[in-house]
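For reference, TrEMBL has these:
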TRANSMEM  21-42  transmembrane segment
DOMAIN    31-474  domain 'Major facilitator superfamily (MFS) profile'
TRANSMEM  79-100  transmembrane segment
TRANSMEM  112-133  transmembrane segment
TRANSMEM  139-160  transmembrane segment
TRANSMEM  172-190  transmembrane segment
TRANSMEM  202-223  transmembrane segment
TRANSMEM  288-309  transmembrane segment
TRANSMEM  324-346  transmembrane segment
TRANSMEM  353-375  transmembrane segment
TRANSMEM  381-408  transmembrane segment
TRANSMEM  420-441  transmembrane segment
TRANSMEM  447-470  transmembrane segment
REGION    501-529  region 'Disordered'
COMPBIAS  510-521  compositional bias 'Polar residues'
Amino acid sequence: MENKHQSNGDTKENNMVKKKLNWSGSLIVASLTGAFGSSFLYGYNLSVVNAPAAFIKKFYNETWERRYGFSVDESTLTLLWSITVSIFAIGGLVGAIIVTPIVKFFGRKCTLLLNNVFAVTAALLMSLSLLAGSFEMLILGRVIMGVDAGISLSALPMYLSEISPKEIRGSLGQVTAIFICIGVFTGQVLGLPEIFGQEFRWPYLFGAIIVPSLIQVVILPFLPESPRYLLLEKHNTSKAEKAFRTFLGKEDVSHEVEEVLAESRVQRNTKLVSVLQLLRTRAVRWQVITVVITMACYQLCGLNAIWYYTNSIFSEAGINHKTIPYVTLSTGAVETVAAVFSGLVIERLGRRPLLIGGFGLMVVFFAVLTVSLTLQKTVHWLPYLSIFCILAIIASFCIGPGGIPFILTGEFFQQSQRPAAFMIAGTVNWLSNFAVGLLFPFIQGGLQTYCFLVFAAICFAGATYLFFVLPETKNKTFHEISQAFAKRNKVSLEKQDMNHCSGERKSSAEQESNFTSSVDNGETKKGIV
């Protein structure tokens, strides 16, 4: 008995040691640096235009009057402002489309580095637009910044999923969502009147974009490229092994190399799969459908509608108009805390409970918010319930739907399929984003407070689909996740391997001969998958 208890204690201690070893210094620095220059900027640019909106419109009007001798009419000004805000999504769509060939030729890390050219160019255009007296520079800067966001929201999750051990792949993947939330919160803080939220200081809000880009450019070059990319796409054994050692913090990486090679033997081919080929592949049909639905729900779930109503709800609750910008900071703070919480528990609870639970909670709080907004003029305390519902909806979104769709896209697909999968996910993401911006004013105008029932229905549909289709992916290899979908795809993995074995035998033999000299038969360890 004593030996048994001692054995159990040793096992727990070994598991704790392994878990700590997974978080190497290089892995942490790579994830933080990658996210700070990528997803942080996406979140920042979502919120940064809100605070100086009145000053930017005034700048548009003054520029128009100086050029043409008369003030711009209200409808034209509204159109210009709508273009300024929504064109960010058009740029994002362009970035999502062009990311596949870029990550193939330059790699994941180099794509993140090169992407900073777009960020710095956009920052210079937007920050100098007031000085140059050209609102076209600001609009063009928003387009280019959108391209940066479209590329980074595909390249960053791809990079993080490929450098992380499977035991912490979910937690590391949530770094993308955490930094989006931190970016939103930072945009809110810097937009306060005491900082850059003033008439002649708003260009500094856009100039600040350069800072995260420069930090990434300085630090990221000293960190390795994705070892999976080096091994499977560049066939560079020595660099791949070195990258594994750096990210895992250990010398013996033979097991990790073997696991990646084992995956390459069951891949359809080692060449990059096109979007059309991926859509035609029966073995990943339900993975593609699941990614499309989760990404669509990510944008269509109504969070943008919440931002639209926030100020009016705070006003109804009796909060002073001048105080509202400071109270609004609570929404950004709740976002960040919820995203961090999700990152801490995702490897314990799994992806399914957080994603389905997040959508489910949003359904409940959207329903309560609809009732509260409809009756708030009849009961004096209902505006406070509305405020609670807003914060609860934001928290529900961030614990699951706000970050897990990006993680799933990286987990569902093999190396050769992943760039095409992220291109599909990114395209759906940005098209849905644009659709919400275009259609929400009409939905809100027609349904008023009942518009939230539309979003509740979307969240319910998404949660229902995921409940029946989504398998748990935590702690599973990419091959095990494919097996979980095999029955639904009506594909036998054994037969699939047999069918594609003949086409791959030559390339696999060549890879194995290249790696024989450097792969030892060491003890079995958990590794990057």
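Each residue, glycine too, has its Cβ placed from N, Cα and C.
TrEMBL annotations: computationally assigned, not manually curated.
Contact between the transmembrane segment (112-133) and the transmembrane segment (202-223) holds: at least three of their C-beta pairs are under 8 Å, each pair 6 or more apart in sequence. Within the chain, the transmembrane segment (139-160) has long-range Cβ neighbours (under 8 A, six or more residues past its boundaries) at 30-31, 34-35, 37-39, 41-42, 45, 80, 83-85, 87-99, 102-103, 108-109, 111-112, 115-116, 118-119, 121-126, 129, 172-173, 175-176, 206, 209, 226, 406-407, 409-410, 418-419, 422-423, 425-426, 429-430. Beyond the transmembrane segment (353-375), the same-chain residues lying 6 or more positions past its ends with a Cβ under 8 Å from any Cβ of the stretch are 294, 297, 301-302, 309, 313, 342, 345-346, 382-383, 385-386, 389-390, 392-393, 396-402, 404-405, 449-450, 452-453, 455-456, 459-460, 462-463, 466-467, 470. Per-residue confidence over the domain 'Major facilitator superfamily (MFS) profile' (31-474) averages out at a pLDDT of 90. If you count C-beta pairs under 8 angstroms between the transmembrane segment (172-190) and each of 79-100, 202-223, 381-408, the highest count goes to 381-408.
A Cβ distance under 8 Å defines the sequence-distant neighbours of the transmembrane segment (202-223), meaning residues of its chain 6+ beyond its ends; these are 26, 29-30, 33-34, 36-38, 40-41, 44-45, 48, 51-52, 55-56, 109, 112-113, 116, 119-120, 122-124, 126-131, 138, 141, 145, 187, 190-191, 196, 246.
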